[in-house]
Amino acid sequence: MTLNATSGNACPLPMKPTSNGGFQGDNPLDFALPLAILQICLVFLVTRGLAYLLRPLRQPRVIAEIVGGIILGPSAMGRNKSYLQAVFPPRSLTVLDTLANFGLLFFLFQAGLELDPKSLRKTRKQAMGIAIAGISLPFALGIGSSFILRDTIAKGVDSAAFLVFMGVALSITAFPVLARILAELKLLTTNVGRMAMSAAAVNDIAAWILLALAVALSGNSQSPLVSLWVFLSGCGFVVCSILIVPPIFKWVTQRCHEGEPVEEIYICATLVTVLAAGFVTDAIGIHAMFGSFVIGVLVPKDGPFASAVVEKLEDLVSGIFLPLYFVSSGLKTDVATIQGLQSWGLLALVIFTACFGKIVGTTVVSLSCKVPLNEALALGFLMNSKGLVELIVLNIGKDRKVLNDQTFAIMVLMALFTTFITTPLVMVVYKPARKSKLAVYKYKTIERKNTNSQLMILACFHSARNIPSMINLIEASRGTQNRDALCVYAMHLKEFSERSSSILMVHKARKNGLPFFNKRHHADSDYVVFAFEAYRQLSQVSIRPMTAISSMTNMHEDICATAERKRAAIIILPFHKHQRLDGSLETTRNDYKLVNRRVLEHAPCSVGILVDRGLGGSSHVSASNVSYCITVLFFGGGDDREALAYGARMAEHPGIRLVVLHFVVEPQIAGEIVRVDVGESCTTRLISEDEEVLSEFKLKIAGDDSITYEEKAVNDAAETVAIICECNQCNLFLVGLKPEGEVAYALKRSEHQELGPVGGLLVSQDFPTIASVLVLQQYHNGVPTKFEIELDT
């Protein structure tokens, strides 16, 4: 880099790190640190803004980051030379590239953590064949297209390196990007998703080996022996790492226990190991990222250690430093270099070659493996997605002078186009999320004529904190001693996000929506499986643990679809607040509040929301030790009848005492109670249904000392609340979400609409009780529940 001056050409002065401030005459943009801060902030705003705009199109964030880099570069905003000189001056690019590559180093370590060698060894021949086809045909077509490019716009480049770089660039499948696309489309645990993940993992490993070969061939030395030594030294590094790294990290993993924080020394030692590996591979002449990637692959994935390391890194690396790499690529990408019919024709050729090789190769092999046509096409489109790995290949080729500006721009646009079209095309050819075509099942509520029929429950939970109370509730729900009387699917709700730890989570719970029948395939630390397995063996309940991996915006779809598929009569959800040590309720996450409301709106069966105040304590209570008092507050309506039916079933358990309070209006209406006109026929029908159910219930409990039925005549809401307060010593309240009748209408509306007026009263700070609350909504033949829009509190 040179700078014209009056005295002639001279090298520009290096940028000082910090300025003295604008008040002392310094321009902060002339100094490295403030300029880097401005660049990072600008990159963050542009890329996250684009990600928000592209969210309705269900595009992965990498698309927004690639486009953001191009916009900030010479293709768009960089056409303004004043902006480019002020914000991205040439002498600042060294600092920017260093930060970008530093983030890349640790991101590739995380990418290595996402690849589990054990799962690769278990890859079926079907996925292996798809992976080989997805590599070989595009690689061959890439080499073929490289001859055309070399004769037109890439004259004078190193032939061997250019051939390999083009082959690698067209044959890559971005494993991290693919995983996030699958999660967005809810395909992670379908046959297509599992096959695509396995094939992409194999593809990723093969691509890195080919890229190492390409880098070795692209050195400055003209001697082929040097390239051979570089490649052999890289192989030697991998072999030494395989022999040394796994035993050390296995020793570290054994000293990290589930539920306990990982010691700082282990985290720091791991990060230093990543840096050291990067230094070794850079000294060899490959690239520093290869060393970090190899270390990531070799770190054991079992136990909490890998997840703890990723949690320490991912937000800073993926959120701040990695987007700098896309901007660094965008600053090298000038779309204006693609000029003339020939250049645009070459762009079309490269895009066609990339898509044809991946889609056709994958589809043909999939069809030969007897995969249905729509799944084969979906696999072809999914394997065609590119991403960060593609940009890494292109940037290395650009830095090594293998790709010139025009070729680089063409390849970047190809990567952008192929990734962008993946989601829309897959949605067109493969739609597993369609509404289930299962036959309508009979029992969608707890209230039913045949009370001896099997009760199917889908019990959901967020964390280990929910498990003891959920198991105790299930124990109370089993009623009779008949083993087949109750079947429970316990679903662990896990959030899938853009974070790298989400991929590790997928590896640990690949059976999304399916029972963990084979316990040997899961880590010893899988407390969820063991908790429910232990309860299943000790009780007379058929219980199956499951896992749902979804984003918070569509988690309710997984819950509702599973409930319909498993023919559940009720879905039980945990309230979005948990109890603190002082007895007050603290918000876990407001996102779970929205999930609960969406389930209430779209559920194919009844729904219960459990406000947990330690039902039975912090551990599972055995059947012989169960001693609960359960209170049903009955006002009227379908939801209250559902609560009564659930309470009647619980009362069959020998350790449970049931109290039913039926609130009725005094003959003389007074005070706050006001008659509400809901239609004469509707009122008559509700009263007749309630009276019929209550008559049957009273007849059934005659002579049963464990059940108490009382009618409470009230004049106003104050009397109602006072009577409820007298029952605050019970263990569990069962109430309806929307009780009906004049007494219920007089109660104050709750701030938590998903709990209704009675449930809201029972969880309020003013109500003196330590009892848990189960709020029930009865299934009303598909009529959706609507909630008023309110501000989250």
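Glycine residues also receive a Cβ, built from the backbone N, Cα and C atoms like all the rest.
No curator has checked TrEMBL annotations; they are predicted automatically.
Per TrEMBL, the range carrying the annotation transmembrane segment out of 316-332, 622-638 is 316-332. Most Cβ pairs under 8 A with the transmembrane segment (98-115) among the ranges 62-78, 127-148, 316-332, 344-365, 377-396 are made by 316-332.
Nonlocal intrachain contacts for the transmembrane segment (265-296), taken as residues 6+ away from its ends with a CB within less than 8 angstroms of a stretch CB, comprise 101, 104-106, 108-115, 208, 212, 215-216, 219, 230, 233-234, 237-238, 241, 245, 249, 252, 255-256, 305, 308-309, 312-313, 392, 396. Panel annotation: around the transmembrane segment (127-148), residues 154, 162-163, 165-171, 173, 195, 198-200, 202-203, 206-207, 210, 346, 349-350, 353-354, 356-358, 360-362, 364-366, 368-369, 379, 383 of the same chain, lying at least six beyond its termini, place a Cβ under 8 Å from a Cβ of the stretch. Two recorded stretches are said to be in contact when at least 3 C-beta pairs lie under 8 angstroms, sequence spacing 6 or more; the transmembrane segment (316-332) and the transmembrane segment (160-183) fall short of this definition. When Cβ distances are compared across the two stretches, the transmembrane segment (160-183) makes no contact with the transmembrane segment (31-50), since fewer than 3 pairs at least 6 residues apart fall below 8 angstroms. In the predicted model, the domain 'Cation/H(+) antiporter C-terminal' (628-780) has a mean pLDDT of 80.
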